[in-house]
Amino acid sequence: MEPGTGGPSRLQWQHPAPLRVVQRRPHHRARNPEHRAPTRTMYKKDSGGQSALHVAARMGHAGIVVEMVRRCPDAIELRDDDGRTFVHTAAREKRSNVVALATTTAFQRGHLDTQDRDGNTPLHLAVAAGAHSVVKDLLRKGKVRTNVLNNDGNTAFDLAAGSTNFFTMVSLVVTLVAYGAQLRPQRQDHLKPWRWSGGNDAATAAGWQGIDKTSDSLALVAVLIASSAFAAGFNLPGGYNGTTGEATLARKFFFKWFLCLDTVAVATSVVAVVLLVYGKASRSAGSWKSFVLALHCMWVSLVSLLLAFFAALTAVVSAREAFFYVLLAIYTAIHFLTMFIVKWIGPHTGVRTVWRFLRQYKRLKAPHVIKRQYPLAGAIVLNLIVFWVTSLSAYVVILFIRAKSDSEVVRLATSPAPSPL
């Protein structure tokens, strides 16, 4: 019947009333109309076979899902035309709040391994969508099975190879390995390493071109760092003794620290330049390794130069609390910036998951299979840990210099005055 003739309109046939309420109203406003609706309306479906529970899960309305399941517990068994439950829908749409709800409810855990018409479980759909937070909830809280094969013979871990984004791939692999996910049984000579944009040659070439351009900029920065470190080495703090030509502060503890740190800055910056030039010229399979190693050398040179500056100031300036805390505040800001960088470019997982990944990576029966198919996943995690340790070590060195400065002041204050001649 047409709209306005007293019967239900086409929209009403395609989208029953509870579905329209779920779509239009926020969480706290949608509950009252649902309470007033008859229970049988919860089981009505739209033209795509989706019930109101599917729509609420797709839109991430966890509060509405709770109310619907409370009123109609057997509604969790409703499936759409693709044979998917509301958990499938939430996993595909990256609705971690709804999936987390399903993993914490005891009577829903039995439905977390349910397969749709294509044989996909919610874990399959979450991996295919790149929803690493949903994958983590399903594995850690839901204790789902990871060896379930879909109709194409793939486990959920196998679908991670379809990720076209590098950071998404790393996050998925780290999470899946950390919680013991399994790959399908297959011959190792059939394994294909993960490549940018699904192995598209044009995208791979663009990735190498991006590394080349970045290498040019980084080489220039490394040369500037080396020049600054060289200049600091020739223009020593405190100057030179006009008679002997020796550095005035040569016997001071902090001056020796300055020389060591400045030498490290010079050496690592020069090594970074050499590695960047080598990687740009070789364009071999290992050039990305030289690129990453050059990044580490540059970061060490920057941190060493900053610490050398701090040691030089401590050597020539009398100890003052305000002076120290200003420098400490500056480096604390730099430290938090590095932590933000690690969080931004690293796997979007917690520290606990990363440590589980490192432990599990060694215990796998066939770790070489993971290394062969996802060679960059373990490398990026290890390199980020090295980056984090370098930053933390610099922070410890600053505190050590401060403590040593205080002990020097106390020693000078308590030392006896020289006897008069």
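One-based numbering along the chain as shown.
Note: Cβ is positioned from N, Cα and C throughout, glycine not excepted.
The region 'Disordered' annotation in TrEMBL covers 1-51. Annotation comment: TrEMBL describes 31-47 as compositional bias 'Basic and acidic residues'. Summarising the annotation, TrEMBL assigns repeat 'ANK' to 118-142. The transmembrane segment annotation in TrEMBL covers 159-181, 217-234, 254-279, 291-316, 322-342, 374-401. Annotation source TrEMBL lists domain 'PGG' at 211-315.
Within its own chain, the transmembrane segment (254-279) is flanked in space by residues 211, 215, 218-219, 222-223, 225-226, 228-230, 232-233, 236-238, 247, 287-288, 290-291, 293-295, 297-298, 300-302, 304-305, 307-308, 311-312, 314-315, 401, 404-405, which lie at least six positions past its ends and keep a Cβ under 8 Å from the stretch. Within the chain carrying the transmembrane segment (217-234), a Cβ under 8 angstroms from the stretch's Cβ atoms is held by residues 259, 262-263, 265-266, 269-270, 272-273, 276-277, 294-295, 297-298, 301-302, 305, 308-309, 312, all 6 or more beyond its ends. Broken down by DSSP into helix, strand and coil, the repeat 'ANK' (118-142) contains 17 helix, 0 strand, 8 coil. Using DSSP to sort the residues of the domain 'PGG' (211-315) gives these counts of helix, strand and coil: 83 helix, 2 strand, 20 coil.
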